[in-house]
Amino acid sequence: MLNIVSIAVRVVSRVELEPAINNPHMASSLQDFWGKRWNLMVTNILRLTIYDPVRSVIKDRIPRRWAPIPAVLATFFVSGLMHELFFYYIGRLKPSGEAMMFFLIHGVALSVEIVIKKIFNGKSLVPRIISEIIFNMISAVVRGVSRVELEPPFDEPYLASSLQDFWGKRWNLMVTNILRPTVYDPVRSIVADRISRKWAPLPAVLATFFVSGLMHELIFNYNGRLMPNGLATFKLILFALGKGPLSSTPPLPLSTFIPLACLPIKLKKSSKTKDIETIKKTTNSTFNLVTKITLLAILIRVYNYKDNLHPKFILFCYCINIYIMLEIILNMVSSAVRRVSRVDLDPPFNEPYLTSSLQDFWGKRWNLMVSNILRLTVYDPVHLFVADRIPRKWAPIPAVLATFIVSGLVHELLLYYIIERLKPSGEAMIFFLIHGVALSVEIVIKKMFNGKILVPRIISEIILIMVSTTVRRVSRVELEPPFNEPYLASSLQDFWGKRWNLMVTNILHPTVYDPIHSMVADRISRKWAPLPAVIATFFVSGLMHELIFYYNGRLKPNGEVMMFFLIHGVALSLEIVIKKIFNGKFLVPRIISGKQAKGMNVESGRGGIDDKGPLPKAKRRILKLASHAMKKEVVPPRLIEVR
């Protein structure tokens with residue numbers, strides 16, 4: 001969490017920050033842990049505010065050599081108070097004193113360590129018998145506080161003298177103590193009556209290790225269900241045929257071959273010159289990670305308002321959630337393999353949200369490892385088999401359908417193993433068949449237009465209407481239009497609240513506007529609570545649009561889009577203030593309101609995006625459409641009533 005905050009601050013402020021934690025697992029002593037490795041920001045603050053003042057006051061009253069002892073105790077005492085207060089604010093529970101006791105115990109232990117170091121002239125090399133006494137003292141204190149007797153899970157397994165000593169007395173003692181009475185002893189008592197008592201431990205040991213193996217298989221099955229075993233099978237089949245990622249010249253080393261066969265990863269082809277796009281992706285990887293984690297946090301927040309949102313929108317959020325989680329998990333696996341094998345791997349995904357077509361999505365952006373395996377094992381063989389029987393131009397069609405059928409079968413099997421052995425419903429197969437048919441239609445259209453899908457606007461609109469109608473029929477839901485004739489808006493509040501991009505409005509309303517409104521309503525007059533809520537909503541919308549333009553153009557944000565939305569937020573707030581002053585009604589002659597609206601649109605267009613901005617053509621089209629709409633007599637009344 002602290003590293004995520006640090007990365008965000010680095011991206012925003014462009015400053016280099018020290019790490020929050022410095023490998024605490026490598027601490028050699030309590031002094032090394034608390035002073036140089038754990039939560040360094042808090043350590044530095046406490047050193048300046050507690051440790052140094054107490055030490056300077058004490059050193060005049062006791063020998064300078066022992067002045068750190070009360071300073072350390074005072075520091076841990078203050079830290080305990082801070083943590084008690086922290087837990088109180090989080091859980092609103094009555095303080096139990098456990099956090100204070102924890103830090104006092106560590107303060108005393110650290111003081112003892114400092115005393116021992118002073119006695120041994122600053123060296124922490126303590127004889128073994130003294131270190132065991134100190135360890136037993138600390139263990140006794142912990143047992144006394146928690147009032148339970150705890151056995152250590154391991155007993156120095158690196159000192160084992162034999163396999164029997166390792167497995168029986170040193171390694172994972174809790175599991176050993178469970179397997180002994182449940183497997184070893186019963187099997188031994190049964191076998192002892194049938195064979196010599198001298199040899200009875202042998203089948204008992206074999207049965208115990210057999211059960212332990214089954215347990216570990218089950219653990220790995222539950223932890224690694226998403227690791228596609230079928231993918232490993234496809235890789236090995238290709239390897240036997242001299243193809244695929246496992247086949248290379250010279251042969252791959254064993255340390256690379258095993259993870260490459262078992263995990264959904266792919267080696268990157270070595271090249272002398274790096275691609276510019278690859279360099280950009282490497283540079284922006286930190287920003288992408290922070291963005292996706294932030295988006296995941298927003299989605300988790302959105303799930304709290306599931307009851308107020310459409311079920312289909314929640315399913316859409318689940319899709320984004322699955323993508324982000326898959327990318328994070330697969331990137332973690334790839335990073336681990338890179339560290340161990342020291343090889344360069346291809347990314348598992350290639351920004352699927354920037355796809356331009358189904359063919360681009362499934363072939364070049366989504367789950368590239370699976371796409372490459374299915375291409376070699378299903379698509380290419382079917383394509384070669386069919387190319388001799390039908391015109392070569394149309395050979396990709398059955399190959400694509402066969403690939404999606406196999407992918408549907410694999411996903412049905414995967415869901416069968418994940419969701420507690422439920423009977424397959426065929427939904428995954430239907431999903432992939434629909435995408436296979438749609439991709440085949442796309443390929444046919446591209447072939448007819450010689451690889452170009454530039455369709456006249458009227459045809460594209462007809463296709464869009466047909467697709468929307470099909471979606472309504474299949475999902476059996478009535479979809480709301482994304483826009484509600486925004487050119488007929490009578491005010492900014494009417495434009496942004498009821499007419500423009502209604503889906504985004506319905507999302508920002510429960511996630512930003514309502515929480516801010518409820519939070520502010522208790523602190524200021526309820527009448528004026530909408531103002532900060534509106535400003536916050538337009539601020540978040542500006543951030544979202546800056547991020548969208550960044551992903552589309554990879555340009556450094558210049559703040560113009562943010563300024564555009566902030567101007568509209570301020571203008572809308574002024575409109576609300578005027579409405580409140582006039583008790584909700586503000587009757588303005590049409591000629592004045594028309595000129596004001598036109599001026600607002602033109603000025604916001606000029607001030608928000610200049611001719612060199614990311615959307616000059618879109619701006620000109622919007623202004624042209626607005627001017628045309630204003631010239632038409634679409635609102636008969638001479639006065640406009642603004643509510």
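The backbone N, Cα and C atoms fix where each Cβ goes, glycine too.
Listed in TrEMBL:
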DOMAIN    18-104  domain 'Wax synthase'
TRANSMEM  69-90  transmembrane segment
TRANSMEM  96-116  transmembrane segment
DOMAIN    151-225  domain 'Wax synthase'
TRANSMEM  286-303  transmembrane segment
TRANSMEM  309-333  transmembrane segment
DOMAIN    347-433  domain 'Wax synthase'
TRANSMEM  399-419  transmembrane segment
TRANSMEM  425-445  transmembrane segment
DOMAIN    480-566  domain 'Wax synthase'
TRANSMEM  528-549  transmembrane segment
TRANSMEM  561-578  transmembrane segment
Per-region confidence, the domain 'Wax synthase' (480-566) (mean pLDDT, whole number): 85
The transmembrane segment (399-419) and the transmembrane segment (425-445) contact flag, 3+ Cβ pairs under 8 angstroms: yes
Residue counts (helix, strand, coil, in that order) that DSSP gives for the domain 'Wax synthase' (347-433): 63 helix, 0 strand, 24 coil
